[in-house]
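Structure first, then comments.
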Amino acid sequence: MEEEKASAAQSLIDVVNEIAAISDYRITVKKLCYNLARRLKLLVPMFEEIRESNEPISEDTLKTLMNLKEAMCSAKDYLKFCSQGSKIYLVMEREQVTSKLMEVSVKLEQSLSQIPYEELDISDEVREQVELVLSQFRRAKGRVDVSDDELYEDLQSLCNKSSDVDAYQPVLERVAKKLHLMEIPDLAQESVALHEMVASSGGDVGENIEEMAMVLKMIKDFVQTEDDNGEEQKVGVNSRSNGQTSTAASQKIPVIPDDFRCPISLEMMRDPVIVSSGQTYERTCIEKWIEGGHSTCPKTQQALTSTTLTPNYVLRSLIAQWCEANDIEPPKPPSSLRPRKVSSFSSPAEANKIEDLMWRLAYGNPEDQRSAAGEIRLLAKRNADNRVAIAEAGAIPLLVGLLSTPDSRIQEHSVTALLNLSICENNKGAIVSAGAIPGIVQVLKKGSMEARENAAATLFSLSVIDENKVTIGALGAIPPLVVLLNEGTQRGKKDAATALFNLCIYQGNKGKAIRAGVIPTLTRLLTEPGSGMVDEALAILAILSSHPEGKAIIGSSDAVPSLVEFIRTGSPRNRENAAAVLVHLCSGDPQHLVEAQKLGLMGPLIDLAGNGTDRGKRKAAQLLERISRLAEQQKETAVSQPEEEAEPTHPESTTEAADT
């Protein structure tokens with residue numbers, strides 16, 4: 001049963017990890033899906049404590065855990081569909097989508113309610129967290145709305161009309177923008193999603209599928225018309241400037257070589273990248289393909305052994321040379337990378353500079369990217385307005401992409417630029433949404449020392465948001481932070497410590513830090529006054545001592561003498577943190593309290609109770625109460641023991657023994 005319990009708990013953790021790996025959701029259901037995924041992630045600490053516990057569980061309890069797994073798998077399938085499914089379907093069939101979400105939520109609530117928590121060896125903090133999740137599922141009942149009414153009505157109006165694009169251009173434009181179907185790769189992915197729905201259901205997905213296909217065709221025609229109009233206007237302007245007719249100009253445009261076209265979009269590539277099969281694609285197109293759940297090369301159908309995309313600088317240079325030779329404007333960056341209007345807070349000169357930097361980041365050679373990332377790093381450090389402007393210009397996804405570059409200097413500039421941008425609260429969410437955490441963790445593991453320090457500082461900045469604490473911990477940031485705390489420079493240790501402190505506020509990260517070996521490092525830093533890390537070490541220990549594993553390891557590390565000394569001579573903050581650690585150590589374990597008393601705890605403790613910080617006074621009062629209780633117990637024991645020993649002794653025998 002012990003193995004079955006551990007296996008069940010691990011399988012639940014695996015399901016949550018699969019849910020956490022779902023990177024994004026369709027815009028119409030994004031908030032609902034993120035809320036559902038966030039609640040499920042909060043259950044991980046319970047599963048970890050069940051897995052690591054030595055206490056056996058009954059067969060009935062094991063069944064309730066497996067029922068929860070079944071409910072979570074249903075939630076995972078629902079979230080996958082909301083990530084990869086048809087955007088049009090999610091709006092037009094909103095009642096079904098709502099009903100399915102309610103069904104999933106009810107199933108999760110019922111499964112969680114059936115678990116006999118009193119039989120599980122889990123901490124009070126984790127139990128409270130599970131109860132919070134359960135209450136959130138209960139409150140969420142009947143409050144589901146997956147799309148706005150205007151979008152739904154627009155789609156219905158398109159279904160009820162003819163397929164004449166010109167007649168419904170305002171509606172089509174509104175729908176295409178709201179559903180993010182303004183680019184050819186997005187339209188291709190939507191088409192694939194509709195086809196996969198048909199295939200998975202045996203060709204029968206309801207009466208509305210034909211209407212959805214018709215609406216998609218109307219949107220495609222509208223987008224194509226818009227693109228054609230844009231090209232005609234561009235050609236017309238160029239030809240008028242040369243004193244020629246647009247017809248003559250168009251006749252001069254040469255045929256684009258096939259090697260310059262993306263095999264997916266058939267358009268000239270603007271940001272060519274190589275996949276593991278050796279084929280080259282437009283970056284945005286192949287990213288959409290991979291994000292859609294495909295694991296094969298679109299052209300060769302070979303399995304992709306890696307999702308790494310390598311910039312094809314040679315082809316990019318050839319395309320630029322061909323454009324110049326044929327007097328054609330080089331291809332603009334894709335919309336996601338194209339420099340957007342820079343914030344009005346920046347000066348015109350800085351606005352132009354930022355746009356140029358975006359171009360160099362996206363399309364420059366390594367030397368251009370290195371200098372551009374370095375300049376963005378400095379601009380973002382300078383003031384708040386620049387941080388807003390740089391983010392609005394689209395720098396964040398470009399910088400995230402450069403975190404994986406083999407060039408250590410580009411890597412260092414990029415992670416530091418993200419650190420400076422993260423000072424702006426609104427940028428924190430954008431950085432995490434851009435998928436920055438895995439790249440930052442990789443820099444933290446293998447970057448230069450300065451890059452590692454700045455990666456740690458970036459994680460600290462991002463972890464200010466509670467949801468990010470869960471994400472950062474789940475993506476493996478804690479072990480390399482512990483390594484940096486142990487072997488980094490003075491600044492690196494400080495950055496690692498502040499990040500670890502923030503992350504360990506979340507209960508689920510405490511066990512990760514403890515298992516990564518942070519406590520021996522922290523206790524060593526306590527005994528090295530010259531390290532300048534005493535404040536940070538005590539603050540983290542105060543958090544970790546509330547965890548059962550943490551309490552046990554601290555208790556076995558001979559930390560009590562140091563804690564008593566800090567209560568006696570430390571700063572106000574160190575005194576309160578040392579007292580907080582001691583409170584946890586002495587809870588249910590009087591030997592530490594006895595040791596502390598022998599070391600002269602009482603005097604400093606009374607002083608702390610009268611002159612410490614508010615928290616310090618509370619902790620001192622708790623310790624004094626425990627000391628008082630222990631003294632009473634010792635007194636009762638001392639009184640009862642002589643009576644028990646005196647009973648078999650008689651006066652005669654005592655005298656006799658004395659005479660002898």
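Keep in mind that glycine also has a Cβ here, set from the backbone N, Cα and C atoms.
Taken from Swiss-Prot, the feature compositional bias 'Polar residues' applies to 236-250 (among others).
Residues annotated as compositional bias 'Polar residues' in Swiss-Prot: 651-660 (among others).
Sequence annotations record features per position, and here Swiss-Prot assigns domain 'U-box' to 255-329.
The feature repeat 'ARM 1' is assigned by Swiss-Prot to 384-423. Each residue of the repeat 'ARM 1' (384-423) gets a DSSP state, and the totals for helix, strand and coil are 31 helix, 0 strand, 9 coil.
Within the chain carrying the repeat 'ARM 2' (425-464), a Cβ under 8 angstroms from the stretch's Cβ atoms is held by residues 23-24, 387-388, 391, 396-397, 399-400, 403-404, 408, 411-412, 415-416, 418-419, 471-472, 475-477, 480-481, 483-484, 488-489, 491-492, 495-496, 498-499, 502-503, all 6 or more beyond its ends. According to Swiss-Prot, the feature repeat 'ARM 2' maps to 425-464.
If one looks beyond the repeat 'ARM 4' (507-546) by at least 6 residues along the same chain, the residues whose Cβ comes under 8 Å of a Cβ in the stretch are 42, 44-45, 48-49, 52, 123, 125-126, 129, 469-470, 473, 478-479, 481-482, 485-486, 490, 493-494, 497-498, 500-501, 553-554, 557, 559, 562, 566, 570-571, 573-574, 577-578, 580-581, 584-585. Residues or ranges marked as repeat 'ARM 4' by Swiss-Prot: 507-546.
Within the chain carrying the repeat 'ARM 5' (548-587), a Cβ under 8 angstroms from the stretch's Cβ atoms is held by residues 52, 123, 510-511, 514-515, 519-520, 523, 526-527, 534-535, 538-539, 541-542, 593, 595-596, 599-601, 603-605, 608, 612-613, 615-616, 619-620, 622-623, 626, all 6 or more beyond its ends. Under the heading repeat 'ARM 5', Swiss-Prot lists 548-587.
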Open item on the list: With helix taken as DSSP H, G or I, strand as E or B and everything else coil, how many residues of the repeat 'ARM 4' (507-546) land in each class?
Closed with: 32 helix, 0 strand, 8 coil
Open item on the list: Just to be sure I understand, if DSSP states are collapsed into helix, strand and coil, how many residues of the repeat 'ARM 2' (425-464) fall in each?
Closed with: 34 helix, 0 strand, 6 coil
Task: Residues in the repeat 'ARM 5' (548-587) grouped by DSSP into helix, strand and remaining coil - done: 33 helix, 0 strand, 7 coil
